[in-house]
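Engineer: After the structure tokens below, expect a handful of questions from me.
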Amino acid sequence: MTLKIGIVGSGGRMGRQLIQAVYHTEGVELGAAFERVGSSLVGTDAGELAGIGRIGIKVTDNLTQEKGNFDILIDFTRPEGTIQHLAFCVEQHKNIVIGTTGFDDQSKQAIQQAAQNIAIVFASNYSVGVNLVFKLLEKAAKVMGDYCDIEIIEAHHRHKVDAPSGTALSMGEHIAKTLGRDLKTHGVFSREGITGERKPDEIGFSTIRAADVVGEHTVWFADIGERVEISHKASSRMTFANGAVRAAKWLSTKQEGLFDMTDVLDLNNL
């Protein structure tokens, strides 16, 4: 049975890549494509929007009207929009893949609560490589973390609105959890002026925003005389789109619960 996928934010950079990924993936098809109310893209053929040619599915701004045309929703938009789409999915009992970042604690709690009724994959990054890096960071932190300085450097395009990136924060959380630290108290997100010496248990973050950088993350485990760097560089958003579609296929057999790409890729059994 073919899984029908709905994509919100279909006119955005990720939305167009998601349409392409769905089009080129066996076992799935695009069921509906959505944009915000008032968007000039409403009425446009979704395939033409994504550069794959006409596919006969028009972009719409009404999820309710299209509810019978898709089984699962993929959302890479903004936090306020995602929470609205999440409420719709709970009401209609449709599963959702969330790639949006920048949620506050209240919104994260709403996602956790929704997962009692539907199945959700919520991840900061859908790249297979990045999620493998998460596991490598845990292993590096276990061996080196208590004896070195840890710094996370991330770079993205000039249009990204949140900082540090959700992926950088997830990297910090994986490291902090491994070391038994609380990232909220041990994370350092800016340094300016006379800051004093670096504390040994800090996890530092540095952010770069420039041009069209898709996404780059490097973590330093720096000791006196040597430094280990673990890096991931994305050259195309298609890696995130393919991962999200893979997550949607995996999620289609679930009834409820909150999952991430560690579950999708079965990384805990490595």
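Cβ coordinates are placed from backbone N, Cα and C, and glycine is handled just like the others.
As annotated in Swiss-Prot:
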| type | residues | note |
| --- | --- | --- |
| BINDING | G9, S10, G11, G12, R13, M14, E35, G99, T100, T101, A123, S124, N125, Y126 | NAD(+) binding site |
| BINDING | R36 | NADP(+) binding site |
| ACT_SITE | H156 | active site, proton donor/acceptor |
| BINDING | H157, G166, T167 | (S)-2,3,4,5-tetrahydrodipicolinate binding site |
| ACT_SITE | K160 | active site, proton donor |
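Any idea what these are sitting next to in the structure?
Structural biologist: Same-chain residues at least 6 positions away in sequence with a Cβ under 8 Å from that of E35 (NAD(+) binding site) are, in sequence order, V8, G9, S10, G11, L41, V42, V59, T60, D61.
Neighbour count (other Cβ atoms within 10 Å of the Cβ, all protein chains): 15 for R36 (NADP(+) binding site).
Sequence-distant contacts of H156 (active site, proton donor/acceptor), defined by Cβ-Cβ distance under 8 angstroms and a gap of at least six in the same chain, are S165, I208, R209, V213, V214, G215, E216.
According to its DSSP assignment, T167 ((S)-2,3,4,5-tetrahydrodipicolinate binding site) is helical.
Other C-beta atoms found within 10 angstroms of the C-beta of K160 (active site, proton donor) number 16, with every protein chain shown included.
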Engineer: Between K160 (active site, proton donor) and G166 ((S)-2,3,4,5-tetrahydrodipicolinate binding site), what is the CA-CA distance rounded to a whole number of Å?
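Structural biologist: K160 (active site, proton donor) to G166 ((S)-2,3,4,5-tetrahydrodipicolinate binding site), Cα-Cα distance: 11 Å.
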Engineer: For T167 ((S)-2,3,4,5-tetrahydrodipicolinate binding site), identify the closest of the binding-site residues R13, R36, T100, A123, N125, judging by Cα separation.
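Structural biologist: Closest candidate to T167 ((S)-2,3,4,5-tetrahydrodipicolinate binding site), judged by Cα separation, is N125.
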Engineer: Quick one: pull the CA-CA distance for T100 (NAD(+) binding site) versus G166 ((S)-2,3,4,5-tetrahydrodipicolinate binding site), whole Å only.
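Structural biologist: Counting only the Cα atoms, the answer is 9 Å.
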Engineer: Check each residue in the chain of R13 (NAD(+) binding site) that is at least six apart in sequence and keep those whose C-beta is under 8 Å from its C-beta; list them in sequence order.
Structural biologist: H159, R237
Engineer: List, in sequence order, the same-chain residues at least six positions removed whose CB sits under 8 Å from that of A123 (NAD(+) binding site)?
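Structural biologist: A123 (NAD(+) binding site) has long-range Cβ partners I98, G99, N131, S170, A247, D260, M261.
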